[in-house]
Amino acid sequence: MSKITRTLVRRRLLLLLLAGITITFILMIRLGYVQFALGGWLTEEAEDSWSRDLPFEAERGEILDRNGEVLATNVSAPSVLVVPRQIVNPAESAAQLAEILEAEEQEIYEQITESSSIVRINPAGRKIEQERASKVRAQRLPGVYIVEDNKRHYPQGEHLAHVLGFAGIDNQGLTGLEKYYDERLQGQSGYVSFFSDAQGQRLPDMADQYEAPQNGMDVRLTINDQVQTIMERELDIAEASYNPDGALAIAMDPDNGEILGMSSRPHFNPDNYQAVSPEIYNQNRPIWATYEPGSTFKIITLASALEEEEVDLDEDRFHDPGYIEVAGQRLRCWKKGGHGDQTFLEVVQNSCNPGFVALGERLGTERLFDYIHQFGFGEQTGIDMDGEGTGILFDEENVGPLERSTTAFGQGVSVTPIQQVAAVAAAVNGGTLYQPYVAKDWLDPDSGLVVDSQTPIEKRDIISEDTSAEVRRALEHVVAQGTGSGAFVDGYRVGGKTGTAQKAQGGRYLENNHIVSFIGFAPADDPEIVVYVAVDNPKDTMQFGGVVAAPIVGEIIEDSLQAMDVPKRDNQVEKELTWSDVPYLDVPDVTGLTLRELHDANYPLNIEVSGEGEEIYRQSPAAGERVEEGSTIRLYMGDKSTASD
Amino acid sequence: MRENKQTIDGILLFSICALLIIGVIMVYSASAAWGEYRFSDPFYFAKRQLLFAGVGCLGMVFMMRIGYWTWRHYVITSLIVCFTLLIVVLIPGVGLIRGGAQSWIGIGAFSIQPSEFMKLGMILFLAHWLASRQQQVASFRTGMLPLLAIIFAAFALIMLQPDLGTGAVMVVTSFIMLFIAGARKSHFALLGAVGAAGFVGLIASAPYRMDRIMSFFDPWSDPLGSGFQIIQSLYAIGPGGLFGMGFGESRQKYFYLPEPQTDFIFAVIAEEGGFIAGIVVILLFGIIMWRGIRTALLSPDLFGTLLAIGIVGMFFVQVLINIGVVIGLFPVTGITLPLLSYGGSSLTLMLIALGLLLNISAHTRIT
């Protein structure tokens, strides 16, 4: 080996050594980079890949009425779970499960032989009845387990069905409040996670982590279950009596926009929503339906004219010949021949169309439409439910005298029931428009404490307190002495307005097919409730709101106010009696009298006597209460000595 | 040329033994779960590794005791044997297929990998040839071309298995030896160009190689497919931190890492022993590299120099590729980590080669 070669080899070897040392350092630096710079992130990722989560379902929040009555809750419904690796005889197990669960054997077989660690038998084995679960348990099939699960239950059945909506098989809200507030009701599911090897076996010496589920919040609604029950009962009767195409009712507290009751017909049972077509459960008519309001809309015209001081109800007079000429067209009053000469209070009482055309004329297009918008028509009320309608108003640009005139008495516009309720509430509550709402308080499911509350949402002040009082007076007269007499409730000072809307189809009005409605409130001195009822195309009756809808509203108001402990008033506008009306009288004090003395007094009442003794020592109803003539009063007999005990 | 009777390089021997012991222990830790799962014996792999280490040590001691120049007589014979084995392993029904490559000959556990033998056979052959014809190495036609033909023939046979990792180690080792022997730089430039073209061709010929390279740049683009091994390896190393999870506490060895006791043993070491253990192991490899090159430098003859650099080159190239893969510097390639990875042929042959190196170290000149 030459000297030159030796030097070359030596130089190249040293070069190689340098390269080797450099590589050694690069390896060490890279190792440090992975372990320190990337270490944190890699550790998190690795822990994710090691951990296996077993979900713990959160319990869905309950829905309660304003007094705590349960409207939607959860009931235990077990599910069948299978660990395929533990199944001994798949064919036989599938056959037995299929028989109990009433499912296809092939389908079950495929599910229990899946290459997965845990399989839920779906859908046949999900949320099944307890009996079925016991049968499965009794088979003692290896690898087949029954686990606790729960499903939604609506204890009130059809009541409030559209408002509540329903939740699906995975406890997810599908319609109604269940959907609108799904996120809050749902809660957050928890899990147990354990570290596992790549084959799913538990790793030794690693602690389990438990993340408790966060149950969904309970919600307390503004709904009063008693009012709701009364409302549903009345609509049941109406449906039985008139066989209508549909019906709806809303009750609201005019002082804050809280919905007290809401019903839509046809209705359904949320526990069994599959039994009806989606059209039925998707259409919550009280907020969804839009139609011509008819005369109920006159309340808006009236309130506007009063606020603008364009009319004095008692002093100003109007002559109705049965029609009014507007822009060369004759607009007819509903009464043939007209109402003749009348005060404007009587115009309201009689629901006289030409009279309202005159009010509209006094206001002018601009002011009338400004009020209509102010009262919330033409926009959604913003109620906390999905599927609210908007309604249609005339485009103000195109409003001529004719359009203004029909609008003034509620034709040619289209509104939703909830808009009318909110607007009328504003007209009678002192002039403030509130946003209607249903969800009132959110409660922590464990402590029951209120976590979040919805306070009344004031939108705007529209008319003065004085104007509002005048509107109430006029509408009380409508019920006591006018077209709304069917809604009269003795002592509760009901005010209101009828409506008979023509249904349009293909640009024409239908013959003998109306939506008859009535909107009422009570008591007129300080309204506690506004109730709106509409019946779509009632059969075998005169299709007038006063005939069909007003009595329903009267019943709802009477029973509801009693349920709400609202005291009766004694300074009402007395009812103008017709031949069919029965007079009222104050119950006399008869205690201390003998039966003979009572007979001599000759009260127009039936009596029912119970107990032994000479004298009446107690009576029901008490003295001073108002009852219809011919009512029965109950008398309890006793001796003076016993009475003094 | 003067020879002195000396003892073998103690530092080199110590480093080899230290790594060998670490290897057996870590093979146990890394393979316990797999051994339990597949053979109901957590010691299954460890026991066999101990056996391989024993056989390998016998081989090493044997090589240490025989003057390295003795082997010059058997160079041609061993090369022919190695080529024969490489051809035999390709015969259908004779070669055993494991992990997609037909690389083994033998029955069950007692099987050998001809390509491992070829690595050593090629080193011996090149050292002998280059030492005898040193002057010709500067000539392309008479010096380089015949050698390149032989190297390429061996590489082609290995690629037919296919085993790119072993083939690449053999080629790179051969080039290191050519470089040390004094081959011209211009020839290397040419070889580099040809090699790059061949590399591209090889990648194009097998789509899985392209996947591996792509997954190297972004393993998370296909975490359950081509990126799986890199990701699992990083999941082992990352949580290791400075001191590691502790011996036996690896989680990734529980079936997340595909073969924790062979190609990814370093990942388990860095997971259980942390950065400290990783550095110790890399340093031990570095020391062997240093003492090996030192042995080459001080070797009394060119054959010894080339033999030493061939052995240490093969050794360190495998270290670089294996650890590089495990810590995410290289795309996944099936290369064992010398002295640490589980494996019969690779461990015994590596120990035999190191025995040879130790023998050379015993004959170094005093400078």
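The backbone N, Cα and C atoms fix where each Cβ goes, and this holds for glycine too.
Among the features that TrEMBL reports, transmembrane segment is placed at B:12-30 (among others).
For B:50-68 (among others), the entry in TrEMBL reads transmembrane segment.
For the transmembrane segment (B:75-97), same-chain residues at least 6 beyond its ends with a Cβ under 8 Å from one of its own Cβ atoms are 103-106, 111-112, 114-115, 117-118, 121-122, 124-125, 128-129, 150, 153-154, 157-158, 160-161. Feature annotation from TrEMBL assigns transmembrane segment to B:75-97 (among others).
Summarising the annotation, TrEMBL assigns transmembrane segment to B:103-126 (among others). Within the same chain, residues 48, 71, 74-76, 78-79, 81-83, 85-86, 88-89, 94-96, 147, 150-151, 154, 157-158, 161, 163, 166-167, 169-170, 173-174, 177-178, 181, 306-307, 310-311, 314, 344-346, 349, 352-353 sit at least 6 positions outside the transmembrane segment (B:103-126) and bring their C-beta atoms closer than 8 Å to a C-beta of that stretch.
What TrEMBL records for B:138-158 (among others) is transmembrane segment.
If you look up TrEMBL, you'll see B:164-181 (among others) marked as transmembrane segment.
Here TrEMBL flags B:188-208 (among others) as transmembrane segment.
Counting residues 6+ beyond its ends, the transmembrane segment (B:264-290) has Cβ neighbours under 8 Å at 11-12, 15-16, 18-19, 22-23, 26-27, 29-30, 229, 232-233, 236-237, 239-253, 257-258, 312, 315-316, 319, 322-323, 326-327, 337-338, 340-342 in the same chain. Annotated transmembrane segment per TrEMBL: B:264-290 (among others), in sequence order.
Per TrEMBL, the feature transmembrane segment maps to B:302-327 (among others). Outside the transmembrane segment (B:302-327) by six or more residues, the chain places 68-69, 72, 119-120, 123-124, 126-128, 130-131, 134, 165, 168-170, 172-173, 176-177, 180-181, 230, 233-234, 237, 263-264, 266-267, 270, 282, 285, 288-289, 292-293, 295-296, 333, 335-338, 341, 350, 353-354, 356-357, 360-361, 363 with a CB less than 8 A from a CB of the stretch.
The annotation transmembrane segment is assigned in TrEMBL to B:339-360 (among others).
With respect to Cβ pairs under 8 Å, the transmembrane segment (B:50-68) is most closely packed against B:339-360, considering the stretches B:138-158, B:164-181, B:188-208, B:339-360. The stretches the transmembrane segment (B:188-208) and the transmembrane segment (B:164-181) meet in space: the count of Cβ pairs below 8 angstroms, excluding pairs fewer than 6 apart in sequence, reaches at least three. Non-local neighbours of the transmembrane segment (B:164-181) in the same chain are 103, 113, 115-116, 118-119, 122-123, 126-127, 130, 134, 137, 144, 147, 151, 154-155, 158, 188, 191, 195, 202, 209, 296, 302, 305-306, 309-310, 313-314, 317-318, 321, 333-335; each lies 6+ residues outside the stretch with a CB under 8 Å from one of its CB atoms.
Sequence-distant contacts of the transmembrane segment (B:339-360) (same chain, six or more residues past either end, CB-CB distance under 8 Å): 8-9, 12-13, 16, 19-20, 22-23, 26-27, 30-31, 45, 48-49, 52-53, 55-57, 59-68, 71, 109-113, 116-117, 119-120, 123, 261-263, 265-266, 269, 281, 292, 295-296, 299, 304, 307-308, 311-312, 314-315, 322.
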